[in-house]
Amino acid sequence: LQSAGSRGDQARQLVIDLETRGKQAFPVFLSILRDTGQGDLADMLIEECECPPVSPQLVDLRPVELDLSGEKRDRAGLVLIPGGRGITSHCGVQGAKYYVCVVYELKADPCGHCLILNNVEFSGDSDLLTRDGSNVDCKKLEKRFKSLRFEVLTRQNLKAQDMVSELRELAQRNHSALDCCIVVILSHGCQTSHIQFPGGVYGTDGKLIPIEKIVNYFNGSNCPSLGGKPKLFFIQACGGEQRDRGFLVDCDSPGDEAPEGSLESDATPFRTLAGGTDEPDAVASLPTPSDILVSYSTFPGFASWRDASSGSWYVETLDNVLEQYAHSEDLLNMLLRVANAVSAKGRYKQIPGCFNFLRKKFFFMCK
(Lines of atoms letter the chains of each structure in order from A and count residues from 1; the text may use other names and numbers.)
(Lines give C-alpha, C1' and ligand atoms only; values in the text may rest on other atoms or scores of the structure.)
Protein backbone atom coordinates (compact mmCIF):
# COMPACT_ATOMS: atom_id res chain seq x y z
CA LEU A 1 0.00 0.00 0.00
CA GLN A 2 2.84 2.43 0.78
CA SER A 3 3.95 2.30 -2.83
CA ALA A 4 0.54 3.57 -3.96
CA GLY A 5 1.51 7.21 -3.26
CA SER A 6 -0.51 9.66 -1.16
CA ARG A 7 -2.75 8.65 1.72
CA GLY A 8 -5.75 9.02 -0.56
CA ASP A 9 -4.14 6.75 -3.16
CA GLN A 10 -3.30 4.27 -0.42
CA ALA A 11 -6.90 4.33 0.78
CA ARG A 12 -8.17 3.70 -2.74
CA GLN A 13 -5.74 0.82 -3.16
CA LEU A 14 -6.90 -0.65 0.17
CA VAL A 15 -10.51 -0.48 -1.00
CA ILE A 16 -9.57 -2.19 -4.26
CA ASP A 17 -7.80 -4.95 -2.32
CA LEU A 18 -10.82 -5.40 -0.06
CA GLU A 19 -13.23 -5.50 -2.96
CA THR A 20 -11.30 -8.37 -4.49
CA ARG A 21 -12.19 -10.35 -1.37
CA GLY A 22 -15.92 -9.99 -1.92
CA LYS A 23 -18.45 -7.19 -1.96
CA GLN A 24 -19.04 -7.36 1.79
CA ALA A 25 -15.37 -7.23 2.84
CA PHE A 26 -15.15 -3.41 2.85
CA PRO A 27 -18.35 -2.84 4.90
CA VAL A 28 -17.22 -5.38 7.46
CA PHE A 29 -13.76 -3.79 7.59
CA LEU A 30 -15.30 -0.37 8.29
CA SER A 31 -17.51 -1.77 11.02
CA ILE A 32 -14.60 -3.47 12.74
CA LEU A 33 -12.59 -0.24 12.58
CA ARG A 34 -15.40 1.59 14.37
CA ASP A 35 -15.84 -1.18 16.92
CA THR A 36 -12.14 -1.05 17.79
CA GLY A 37 -12.12 2.72 18.31
CA GLN A 38 -10.75 3.67 14.89
CA GLY A 39 -13.80 5.54 13.62
CA ASP A 40 -11.67 8.41 12.29
CA LEU A 41 -9.86 6.01 9.98
CA ALA A 42 -13.18 4.58 8.80
CA ASP A 43 -14.48 8.11 8.07
CA MET A 44 -11.30 8.94 6.17
CA LEU A 45 -11.64 5.84 4.01
CA ILE A 46 -15.24 6.72 3.18
CA GLU A 47 -14.37 10.36 2.44
CA GLU A 48 -11.26 9.68 0.38
CA CYS A 49 -12.93 7.03 -1.69
CA GLU A 50 -16.26 8.86 -1.92
CA CYS A 51 -17.97 5.70 -0.67
CA PRO A 52 -21.54 5.99 0.68
CA PRO A 53 -22.15 5.01 4.30
CA VAL A 54 -22.72 1.35 4.92
CA SER A 55 -26.30 0.14 5.25
CA PRO A 56 -27.16 -0.76 8.85
CA GLN A 57 -28.46 -4.14 7.71
CA LEU A 58 -26.59 -7.15 8.98
CA VAL A 59 -24.02 -8.57 6.63
CA ASP A 60 -24.32 -12.29 5.97
CA LEU A 61 -21.07 -13.94 5.04
CA ARG A 62 -20.21 -17.45 4.00
CA PRO A 63 -18.10 -19.45 6.46
CA VAL A 64 -14.36 -19.44 5.89
CA GLU A 65 -11.71 -21.90 6.98
CA LEU A 66 -10.07 -21.11 10.30
CA ASP A 67 -6.29 -20.89 10.20
CA LEU A 68 -5.33 -21.28 13.85
CA SER A 69 -1.63 -20.82 13.15
CA GLY A 70 -2.00 -17.20 12.03
CA GLU A 71 -5.12 -15.95 13.75
CA LYS A 72 -5.57 -12.33 14.82
CA ARG A 73 -6.77 -11.61 18.32
CA ASP A 74 -8.42 -8.71 20.07
CA ARG A 75 -7.29 -7.30 23.41
CA ALA A 76 -9.08 -10.11 25.27
CA GLY A 77 -7.23 -12.77 23.31
CA LEU A 78 -10.27 -13.79 21.27
CA VAL A 79 -9.88 -14.83 17.66
CA LEU A 80 -11.61 -12.37 15.29
CA ILE A 81 -12.85 -13.98 12.10
CA PRO A 82 -15.03 -11.96 9.71
CA GLY A 83 -17.69 -14.38 8.56
CA GLY A 84 -15.87 -17.30 10.10
CA ARG A 85 -16.73 -20.01 12.60
CA GLY A 86 -17.40 -18.96 16.13
CA ILE A 87 -19.70 -16.95 18.36
CA THR A 88 -21.74 -14.33 16.52
CA SER A 89 -21.14 -10.75 17.64
CA HIS A 90 -22.67 -7.52 16.30
CA CYS A 91 -20.05 -4.81 16.11
CA GLY A 92 -19.95 -1.08 15.54
CA VAL A 93 -22.62 1.50 14.66
CA GLN A 94 -22.80 0.05 11.18
CA GLY A 95 -24.25 -3.13 12.68
CA ALA A 96 -22.20 -5.53 10.56
CA LYS A 97 -21.81 -9.10 11.71
CA TYR A 98 -18.50 -10.76 12.42
CA TYR A 99 -17.48 -13.70 14.54
CA VAL A 100 -15.48 -14.05 17.71
CA CYS A 101 -14.04 -17.54 17.74
CA VAL A 102 -13.09 -18.54 21.28
CA VAL A 103 -10.67 -21.43 20.88
CA TYR A 104 -8.66 -23.54 23.31
CA GLU A 105 -4.98 -23.12 22.51
CA LEU A 106 -3.04 -26.34 22.00
CA LYS A 107 0.63 -25.42 21.74
CA ALA A 108 2.33 -28.12 23.80
CA ASP A 109 3.79 -31.20 22.13
CA PRO A 110 2.50 -33.60 23.27
CA CYS A 111 -0.80 -31.78 23.82
CA GLY A 112 -1.47 -33.84 26.89
CA HIS A 113 -2.00 -37.30 28.33
CA CYS A 114 -4.52 -39.79 27.00
CA LEU A 115 -5.40 -42.69 29.32
CA ILE A 116 -7.26 -45.65 27.80
CA LEU A 117 -8.80 -48.20 30.18
CA ASN A 118 -9.77 -51.28 28.19
CA ASN A 119 -11.68 -54.01 30.03
CA VAL A 120 -12.23 -57.12 27.92
CA GLU A 121 -12.27 -60.16 30.24
CA PHE A 122 -14.31 -60.19 33.44
CA SER A 123 -14.26 -62.49 36.44
CA GLY A 124 -16.64 -65.43 36.40
CA ASP A 125 -18.60 -64.29 39.44
CA SER A 126 -19.28 -60.88 37.89
CA ASP A 127 -21.81 -62.33 35.40
CA LEU A 128 -20.26 -60.05 32.75
CA LEU A 129 -19.34 -61.52 29.38
CA THR A 130 -16.05 -61.09 27.53
CA ARG A 131 -16.15 -57.94 25.42
CA ASP A 132 -14.99 -59.36 22.09
CA GLY A 133 -14.00 -56.60 19.69
CA SER A 134 -12.89 -54.16 22.38
CA ASN A 135 -9.21 -54.70 21.56
CA VAL A 136 -10.01 -53.53 18.03
CA ASP A 137 -11.44 -50.33 19.51
CA CYS A 138 -8.44 -49.90 21.75
CA LYS A 139 -5.87 -50.20 18.96
CA LYS A 140 -7.78 -47.73 16.79
CA LEU A 141 -7.92 -45.11 19.53
CA GLU A 142 -4.29 -45.61 20.51
CA LYS A 143 -3.21 -44.90 16.96
CA ARG A 144 -5.67 -42.03 16.50
CA PHE A 145 -4.79 -40.06 19.61
CA LYS A 146 -1.08 -40.55 19.05
CA SER A 147 -1.55 -38.99 15.62
CA LEU A 148 -3.35 -36.10 17.34
CA ARG A 149 -0.26 -35.39 19.43
CA PHE A 150 -1.24 -37.06 22.70
CA GLU A 151 0.92 -39.24 24.90
CA VAL A 152 -1.15 -42.41 25.11
CA LEU A 153 -1.12 -44.83 28.06
CA THR A 154 -3.24 -48.00 27.89
CA ARG A 155 -4.22 -50.22 30.79
CA GLN A 156 -5.95 -53.57 30.21
CA ASN A 157 -8.42 -55.58 32.30
CA LEU A 158 -8.41 -53.67 35.57
CA LYS A 159 -10.50 -54.24 38.66
CA ALA A 160 -12.55 -51.27 39.78
CA GLN A 161 -10.07 -50.19 42.44
CA ASP A 162 -7.18 -50.45 39.99
CA MET A 163 -9.13 -48.29 37.52
CA VAL A 164 -9.63 -45.71 40.26
CA SER A 165 -5.92 -45.82 41.08
CA GLU A 166 -4.95 -45.17 37.45
CA LEU A 167 -7.41 -42.29 37.18
CA ARG A 168 -6.25 -40.72 40.44
CA GLU A 169 -2.61 -41.06 39.44
CA LEU A 170 -3.31 -39.27 36.16
CA ALA A 171 -5.29 -36.52 37.91
CA GLN A 172 -2.51 -35.98 40.46
CA ARG A 173 0.16 -35.44 37.81
CA ASN A 174 1.43 -31.96 37.07
CA HIS A 175 -0.25 -30.93 33.80
CA SER A 176 1.06 -27.35 33.89
CA ALA A 177 3.15 -27.76 30.73
CA LEU A 178 0.32 -29.50 28.87
CA ASP A 179 -2.86 -28.17 27.26
CA CYS A 180 -5.40 -30.99 27.50
CA CYS A 181 -6.24 -34.37 29.01
CA ILE A 182 -8.22 -37.29 27.57
CA VAL A 183 -9.69 -40.33 29.32
CA VAL A 184 -11.16 -43.23 27.30
CA ILE A 185 -13.04 -46.06 29.01
CA LEU A 186 -14.01 -49.25 27.16
CA SER A 187 -16.02 -51.53 29.42
CA HIS A 188 -19.42 -52.85 30.41
CA GLY A 189 -21.70 -50.22 31.90
CA CYS A 190 -25.14 -49.53 33.26
CA GLN A 191 -27.57 -46.86 34.32
CA THR A 192 -27.09 -45.76 37.91
CA SER A 193 -28.18 -43.09 40.35
CA HIS A 194 -26.35 -39.84 39.76
CA ILE A 195 -26.29 -36.14 40.50
CA GLN A 196 -24.17 -34.75 37.68
CA PHE A 197 -23.11 -37.23 34.99
CA PRO A 198 -25.24 -40.33 34.32
CA GLY A 199 -24.07 -43.90 34.07
CA GLY A 200 -21.35 -46.09 35.45
CA VAL A 201 -18.67 -48.47 34.18
CA TYR A 202 -17.47 -51.80 35.56
CA GLY A 203 -14.11 -53.09 36.61
CA THR A 204 -13.28 -56.66 35.66
CA ASP A 205 -14.37 -57.73 39.16
CA GLY A 206 -17.92 -56.55 38.44
CA LYS A 207 -17.74 -53.54 40.76
CA LEU A 208 -19.26 -50.30 39.52
CA ILE A 209 -17.59 -46.88 39.20
CA PRO A 210 -19.91 -43.90 38.55
CA ILE A 211 -18.96 -41.73 35.58
CA GLU A 212 -19.38 -38.61 37.70
CA LYS A 213 -16.84 -39.96 40.17
CA ILE A 214 -14.35 -40.43 37.32
CA VAL A 215 -14.98 -36.96 35.93
CA ASN A 216 -14.70 -35.24 39.29
CA TYR A 217 -11.17 -36.53 39.84
CA PHE A 218 -10.22 -34.02 37.14
CA ASN A 219 -12.29 -30.98 38.11
CA GLY A 220 -10.77 -27.67 39.13
CA SER A 221 -10.63 -28.56 42.82
CA ASN A 222 -9.04 -31.98 42.50
CA CYS A 223 -6.73 -31.31 39.54
CA PRO A 224 -5.71 -27.62 39.61
CA SER A 225 -2.96 -28.03 37.00
CA LEU A 226 -5.72 -28.73 34.45
CA GLY A 227 -7.73 -25.69 35.50
CA GLY A 228 -9.07 -23.84 32.48
CA LYS A 229 -7.87 -26.61 30.16
CA PRO A 230 -10.11 -29.02 28.24
CA LYS A 231 -10.71 -32.42 29.82
CA LEU A 232 -12.31 -34.90 27.41
CA PHE A 233 -13.91 -38.22 28.33
CA PHE A 234 -14.99 -40.85 25.80
CA ILE A 235 -17.13 -43.63 27.26
CA GLN A 236 -17.82 -46.82 25.28
CA ALA A 237 -20.22 -48.64 27.59
CA CYS A 238 -23.92 -49.25 27.85
CA GLY A 239 -26.10 -46.70 29.57
CA GLY A 240 -28.68 -49.36 30.46
CA GLU A 241 -30.52 -52.45 29.26
CA GLN A 242 -33.09 -50.94 26.94
CA ARG A 243 -32.85 -51.98 23.30
CA ASP A 244 -34.07 -49.26 20.99
CA ARG A 245 -35.87 -50.48 17.88
CA GLY A 246 -36.25 -46.89 16.69
CA PHE A 247 -39.21 -45.39 14.82
CA LEU A 248 -40.09 -45.11 11.15
CA VAL A 249 -38.98 -42.08 9.14
CA ASP A 250 -38.72 -41.27 5.45
CA CYS A 251 -35.19 -42.11 4.38
CA ASP A 252 -33.33 -42.10 1.09
CA SER A 253 -31.24 -45.12 2.00
CA PRO A 254 -31.59 -47.92 4.57
CA GLY A 255 -29.43 -48.02 7.65
CA ASP A 256 -26.49 -50.37 7.93
CA GLU A 257 -27.54 -53.91 8.75
CA ALA A 258 -25.09 -55.88 10.83
CA PRO A 259 -25.53 -59.65 11.25
CA GLU A 260 -27.48 -60.17 14.44
CA GLY A 261 -25.24 -62.99 15.58
CA SER A 262 -22.14 -60.81 15.66
CA LEU A 263 -23.61 -58.00 17.75
CA GLU A 264 -23.14 -57.72 21.49
CA SER A 265 -24.08 -55.04 23.99
CA ASP A 266 -22.27 -53.72 27.04
CA ALA A 267 -25.43 -53.57 29.17
CA THR A 268 -26.12 -54.68 32.72
CA PRO A 269 -29.13 -53.93 34.94
CA PHE A 270 -29.69 -50.62 36.73
CA ARG A 271 -27.63 -50.36 39.92
CA THR A 272 -28.17 -48.28 43.03
CA LEU A 273 -24.95 -47.60 44.89
CA ALA A 274 -24.64 -48.99 48.39
CA GLY A 275 -25.01 -46.48 51.20
CA GLY A 276 -27.28 -44.05 49.37
CA THR A 277 -27.63 -42.51 45.95
CA ASP A 278 -24.02 -41.40 45.63
CA GLU A 279 -20.50 -41.84 46.91
CA PRO A 280 -18.41 -39.29 48.85
CA ASP A 281 -16.28 -38.39 45.81
CA ALA A 282 -19.27 -37.16 43.79
CA VAL A 283 -21.61 -35.16 45.99
CA ALA A 284 -23.61 -32.08 45.10
CA SER A 285 -21.23 -29.77 46.95
CA LEU A 286 -18.50 -30.25 44.34
CA PRO A 287 -17.82 -27.28 42.04
CA THR A 288 -19.79 -27.09 38.82
CA PRO A 289 -17.52 -28.69 36.21
CA SER A 290 -16.02 -26.46 33.58
CA ASP A 291 -13.84 -27.24 30.57
CA ILE A 292 -15.20 -30.79 30.64
CA LEU A 293 -16.83 -32.82 27.88
CA VAL A 294 -18.12 -36.36 28.39
CA SER A 295 -18.98 -38.20 25.19
CA TYR A 296 -21.22 -41.25 25.68
CA SER A 297 -21.56 -44.04 23.16
CA THR A 298 -25.31 -44.20 23.79
CA PHE A 299 -28.26 -42.43 25.38
CA PRO A 300 -28.61 -43.02 29.15
CA GLY A 301 -30.62 -46.16 29.81
CA PHE A 302 -29.96 -47.79 26.44
CA ALA A 303 -27.64 -50.48 25.12
CA SER A 304 -24.46 -49.74 23.19
CA TRP A 305 -23.63 -52.13 20.35
CA ARG A 306 -20.32 -53.78 19.57
CA ASP A 307 -19.29 -56.08 16.75
CA ALA A 308 -16.92 -58.90 17.68
CA SER A 309 -14.77 -58.40 14.57
CA SER A 310 -14.90 -54.65 13.82
CA GLY A 311 -15.39 -53.23 17.30
CA SER A 312 -18.10 -50.96 18.66
CA TRP A 313 -20.25 -48.79 16.40
CA TYR A 314 -19.32 -45.71 18.43
CA VAL A 315 -15.54 -46.12 18.42
CA GLU A 316 -15.41 -47.20 14.78
CA THR A 317 -17.40 -44.13 13.75
CA LEU A 318 -15.52 -41.78 16.07
CA ASP A 319 -12.21 -42.96 14.64
CA ASN A 320 -13.42 -42.49 11.05
CA VAL A 321 -14.75 -39.00 11.76
CA LEU A 322 -11.53 -37.94 13.48
CA GLU A 323 -9.53 -39.22 10.53
CA GLN A 324 -11.57 -37.21 8.04
CA TYR A 325 -12.36 -34.01 9.93
CA ALA A 326 -9.98 -33.47 12.85
CA HIS A 327 -7.82 -31.21 10.71
CA SER A 328 -10.69 -28.82 9.93
CA GLU A 329 -13.64 -29.12 12.35
CA ASP A 330 -14.13 -28.54 16.05
CA LEU A 331 -14.90 -31.43 18.39
CA LEU A 332 -18.61 -30.72 18.91
CA ASN A 333 -19.25 -30.62 15.18
CA MET A 334 -17.44 -33.94 14.78
CA LEU A 335 -19.49 -35.51 17.59
CA LEU A 336 -22.64 -34.48 15.72
CA ARG A 337 -21.31 -36.39 12.72
CA VAL A 338 -20.68 -39.41 14.96
CA ALA A 339 -24.20 -39.28 16.38
CA ASN A 340 -25.75 -38.97 12.94
CA ALA A 341 -23.76 -41.86 11.48
CA VAL A 342 -24.29 -44.24 14.42
CA SER A 343 -28.02 -43.47 14.56
CA ALA A 344 -28.38 -44.86 11.02
CA LYS A 345 -26.88 -48.23 11.84
CA GLY A 346 -28.39 -51.61 12.52
CA ARG A 347 -31.70 -53.21 13.38
CA TYR A 348 -31.45 -52.03 16.96
CA LYS A 349 -30.77 -48.31 17.20
CA GLN A 350 -28.17 -46.35 19.12
CA ILE A 351 -27.37 -42.65 19.34
CA PRO A 352 -24.29 -41.22 21.05
CA GLY A 353 -24.47 -37.94 22.93
CA CYS A 354 -22.42 -35.74 25.22
CA PHE A 355 -22.53 -33.60 28.32
CA ASN A 356 -20.65 -30.48 27.28
CA PHE A 357 -19.19 -27.97 29.72
CA LEU A 358 -16.47 -26.64 27.47
CA ARG A 359 -16.18 -22.84 27.37
CA LYS A 360 -14.49 -22.61 24.00
CA LYS A 361 -14.27 -24.41 20.69
CA PHE A 362 -11.88 -27.35 20.71
CA PHE A 363 -9.78 -28.13 17.64
CA PHE A 364 -7.31 -31.02 17.60
CA MET A 365 -3.83 -30.20 16.37
CA CYS A 366 -3.01 -32.79 13.72
CA LYS A 367 0.51 -33.85 12.83
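Just so you know, glycine gets a Cβ as well, placed from its N, Cα and C.
Quick look at what TrEMBL lists:
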type     : residues : note
ACT_SITE : His188   : active site
ACT_SITE : Cys238   : active site
DOMAIN   : 1-48     : domain 'CARD'
DOMAIN   : 110-242  : domain 'Caspase family p20'
DOMAIN   : 282-366  : domain 'Caspase family p10'
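Across the fold, the C-alpha of Cys238 (active site) and the C-alpha of His188 (active site) stand 6 Å from each other.
Taken through DSSP, the domain 'Caspase family p10' (282-366) splits into 27 helix, 18 strand, 40 coil. Cβ neighbour density within 10 Å is lowest for His188 among the active-site residues His188, Cys238. Over the domain 'Caspase family p10' (282-366), the average per-residue pLDDT in this prediction is 85.
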